[in-house]
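Report on the structure given below.
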Amino acid sequence: MAKTLVIKVGGALLEDAECLNAFFVELKRIRDTQPVVVVHGGGALVQKLLTDLGLKSEKKNGLRITPAEHIPYVVGGLAGSANKQMVAMAKSVGDNAVGISLADGGEINCFVPDADLGCVGQVDGGHAGLIETLVKTGYLPLVSSIGCDENGQLLNVNADQAAEAIAKMLRGQLLLLSDVDGILDGDKKVIPQMTKELAAQLIADGVITDGMIVKVNTAIDTATELAAPIGILNWRNPALIGQWLQDQSCGTTVQPE
């Protein structure tokens, strides 16, 4: 069996029904020859929900600060609305998707790395047994980035970090879909190949900022551990997924150390 392809998508994809449809059409085609797992966030949906409720939301180093009182709404947005919208779209193109969260199955461990972020978690090892079972039985797992700690506290996990952890557990391939065409240089042009040294320089120069710092560091760490390149592509053109798998001629390819 081919390596499992782990694809991370953000909540912005849910805002574009045409692209979301094209995304699942492309995944159904890819799944004819390669297993696929989707890990998703839903920042835009959660932000709108919190705003509508009159709740203030802030970020620290690109990560959403999640006070305990926000968790019911974050969980409802990510593991509820966002996840089930994706399940429904997969069904509409004839694919068999199962919507789960990091917490389901109780095998993926999470903890709070920074109390200043509130109920924001990070994956700390474990096993992707439930995901593997779904893949082996022909389903498309759609995993929301909601985890829980050993005490059962629900946590909002950065979707990039969640996808990285799952790719490592599955020893698979990783693609990070972004709202830009890849990692951009100071002239806003796509950098075809990214290395650890180049990334450090671009971060120091202020070229790579905010949430893209997490995305780049995630890709470099995973590429190194898997000893395989990681792709960063634009979600607005799902056909690029197949193109990258074939020849890595689009987006940014992050090389292992």
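Heads up, the Cβ atoms here are built off N, Cα and C, so glycines get one too.
For the substrate site, TrEMBL gives Gly42, Gly43, Asn156; the one candidate out of Arg64, Arg171 that the record lists there too is Arg64. Each of Gly11, Gly41, Val46, Gln47, Thr66, Val74, Gly77, Leu78, Ser145, Ala159 belongs to the same chain as Gly42, Gly43, Arg64, Asn156, is absent from that list, and has a C-beta within 8 angstroms of the C-beta centroid marking the substrate site. Mean pLDDT for the domain 'Aspartate/glutamate/uridylate kinase' (3-233) in this predicted model: 93. Cα to Cα, Arg64 (substrate binding site) and Lys8 (site 'Transition state stabilizer') are separated by 17 Å. Around the Cβ of Gly42 (substrate binding site), the same chain contributes Gly10, Gly11, Leu14, Gly77, Leu78, Ser81, Ala82, Ser144, each under 8 angstroms and 6 or more positions distant in sequence.
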